[in-house]
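Over in TrEMBL, the protein carries these features:
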COMPBIAS  17-26  compositional bias 'Polar residues'
REGION    1-43  region 'Disordered'
TRANSMEM  142-164  transmembrane segment
TRANSMEM  176-199  transmembrane segment
TRANSMEM  205-222  transmembrane segment
TRANSMEM  304-323  transmembrane segment
TRANSMEM  423-445  transmembrane segment
TRANSMEM  451-470  transmembrane segment
TRANSMEM  477-495  transmembrane segment
């Protein structure tokens, strides 16, 4: 025992209470137990040292103290308060939570516009007048030319359906059908122009509304013509007769769910099918539209409330904010005072842009979702994230999805199939868009100025410049600047010319 104690003078022996005869076995193997205890102590010291190194390494990497520290480590931590790191606003930091700055921008925007609104009230008083809104649509309460013009549009719808029925049974050839459709579509664009220009009781606002309805009808019937033509081509290629069926009705119910009947050509050539497409929030025709299973009443009421609220807000902002600013801009234009013109332009940019944003939400979200929910129209992609646009092209592709889909399907791709280059096809799309912008402005105002046309065509060089030289946030800023500044320029130009033609007294008239 003395030798054994010399071998391991610092070993601590555990006193174990063992019942029965197992104590004899333990005493008989005492030497082995001492050697095993020595090995365990060595292993324990190794694990402790390894754990200490890992905790020290973790502390150096993370800069955070570990939970269990000795006194030397705590003293060592007091000597260090810095570590390798980037500032939060540096791009290398990877920090992206700017919610507080966004809230600050919103607060500053609200406060600045509240000051402008208060200043406007102090200077002009309350200018909101609902009766004046009615006068914008009607000059004579007994004459409703815009509404009558819209009702007449049903004639062109029925003509298009009649032509397609004759084509489906082979009563007229494809060439004759093309000529008939061409005449019908041409009349859709020309007839309202003649009415607006010749009827003196037609107001500019009523003319814009009527021409917008006819423009939408033109695009819809053009798509209706193309899709039915493609169906006839498919039928001829398959060389078989397709069964007629009802148009899109809820035919029967299975297990409590409405089952939609599948429509095939020429079973779609019915009044109900065509008028569903006319009122649906889309410009591209299909034989079988995606349908929602039911009408959500709460969703419908929310959209209706938004429509009523935002239309009143738009009218109030236009009367209270925009109209006085535009009226005060006429004198600088007449005097050609460029500094004052720029000042008025920037002053008009804020309310004009705010009204444009509210109009976008009112039309593309509230109104179109209301109509889609009411008609159980399933495709609700009316816009995409245009506010993140880093190029002008991306903005025009995503802010108005119904028009973009129509342009791609019925204009851009057919031009490419004829061997035209992509650049020429894109230019043609902008040219068509510029025509319709000018069509909707110049005709109701009864004056022909190229400002809207030039504004749209200027998007082509702007798109090239932004796409080539500006990237990321710079490109997005350029898109926003073009939206904020470009629209007020066109507004001021048209208002100035309209004011000169209709309200400024000529010297000859003054002498008379």
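Count begins at 1; order follows the chain as displayed.
Any Cβ shown, glycine's included, is placed from N, Cα and C.
With a cut-off of 8 Å on Cβ pairs spaced 6 or more residues apart, the transmembrane segment (176-199) and the transmembrane segment (423-445) reach 3 or more such pairs and are scored as touching.
Within the chain carrying the transmembrane segment (423-445), a Cβ under 8 angstroms from the stretch's Cβ atoms is held by residues 189, 193, 196-197, 202, 204-208, 211-212, 215, 393, 407, 411-412, 415-416, 451-457, 459-460, 494, 498, all 6 or more beyond its ends.
The recorded stretches the transmembrane segment (451-470) and the transmembrane segment (477-495) share 3+ CB pairs below 8 A when only pairs 6 or more apart in sequence are counted, and are therefore in contact.
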